[in-house]
Amino acid sequence: MAQILLPLSLLSLLFSVALADLTRIEHSLKNDGSLSILVIGDWGRKGTYNQSLVAEQMGKVGKELDIDFVISTGDNFYENGLTGVDDKAFEQSFSDIYTSDSLQKPWYTVLGNHDYRGDVIAQLSPALQKLDSRFICMRSFIVNSEIVEFFLVDTTPFVMKYWTTPEGQHYDWRDVEPRDTYISNLLQDLNNALQASSANWKIVVGHHTMRSVSEHRDTAELLKHMLPILKKNSVDFYVNGHDHCLEHISSTDSPLQYFTSGGGSKAWRGTYIPNSDKLRFFYDGQGFMSLKLTKSDADVIFYDVAGRELYKWSMAKINQGHLPSIVAM
């Protein structure tokens, strides 16, 4: 069971302030003004389906990049979330798996649809931080790192089929019902927070796909309700999991980039369905993503289960313009 001491800059977790109704966490940059993170999704399988192998490679890359934190795009505990704060799956799928020194950093985490099949209140409980202080999970919140703000958003309640045709599954809608009110308030909070942001980079993180060529394809409810807010507020990246693959898709009518990092364990679904945006990279397998940011530059790398670099992509901002450059491996 990992226990870590957070830097003083992260003690603000105990005294978080709110921007609108979204909790805000402050996370400082490195001394050189840069930030490096890993992004992983759809992982919690007690080490099976190569989860442990992906975790090992994350540790190696995390050390090389000297990462500041990890973002989890959800589906943290399969198949049906946690049963309570004392569920051993928390340690078996998280603490006992991500043991590398470089991964002993905060894990900023959103909920996925599989997490909603269990005890959501337990997964959100501060009691889990007493077991492993890295695990920071909220429904929707902001991580601010001066040059970049990450807006982590609870996307599962948007998807109507979980409410109307759950296919025998139970979803824990406590503190979410009624759906329309919850979604309306969340969208307003997100819009307000994005409008107030003066960060060089604005990155929205959710579990569900916005644009995807894999099994789950596009999420219609997000395209209808959330995408216009992202475009209106000049969001740079939307980062998600849900599809168990690695993807980069570029919007054809805005500068928005879509990144899927959902290869934390079970993958290889064998589905490819093109959409109308520009597909830059697709890997139907296990792996993870790194992101390095400076005030003017972003560098994205996708890695496979062996730690091999599959794809690199870079973008520079000059006078608030976007100059992307792509290096495929």
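Any Cβ shown, glycine's included, is placed from N, Cα and C.
Marked as Fe cation 1 binding site by TrEMBL: Asp42, Asp75, Tyr78, His244. Among the features that TrEMBL reports, Fe cation 2 binding site is placed at Asp75, Asn113, His207, His242. Under the heading domain 'Calcineurin-like phosphoesterase', TrEMBL lists 36-245. Sequence annotations record features per position, and here TrEMBL assigns signal peptide to 1-20.
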*Same chain, 6+ residues apart, C-beta under 8 Å of the C-beta of His242 (Fe cation 2 binding site), given in sequence order*: Gly41, Asp42, Thr73, Gly74, Asp75, Gly112, Asn113, His207, His208, Thr209, Ser212, His216, Thr219, Thr260, Gly262
*asked:* Using other CB atoms within 10 angstroms as the count, which residue among the binding-site residues Asp75, His207, His244 scores least?
replied: His244
*Hey, for the Fe cation 1 site built from Asp42, Asp75, Tyr78, His244, who else sits with CB inside 8 A of the CB center?*
Gly41, Trp43, Gly44, Arg45, Gly112, His114, Gly241, His242, Gly262, Gly264, Ser265, Lys266
*So what pLDDT does the domain 'Calcineurin-like phosphoesterase' (36-245) average out to?*
98
*Packing count at Tyr78 (Fe cation 1 binding site) (other Cβ atoms within 10 Å of its Cβ)*: 23
*Once the chains shown are all counted, how many other Cβ atoms turn up within 10 Å of the Cβ of Asn113 (Fe cation 2 binding site)?*
21
_Quick check: with Asp75, Asn113, His207, His242 left out, which same-chain residues have Cβ atoms within 8 Å of the centroid of the Fe cation 2 site Cβ atoms?_
Gly41, Asp42, Thr73, Gly74, Leu111, Gly112, His114, Asp115, Thr155, Thr156, His208, Gly241, Gly262
*If you draw a 10 Å sphere around the Cβ of Asp42 (Fe cation 1 binding site), how many other Cβ atoms fall inside it, taking every protein chain shown into account?*
30
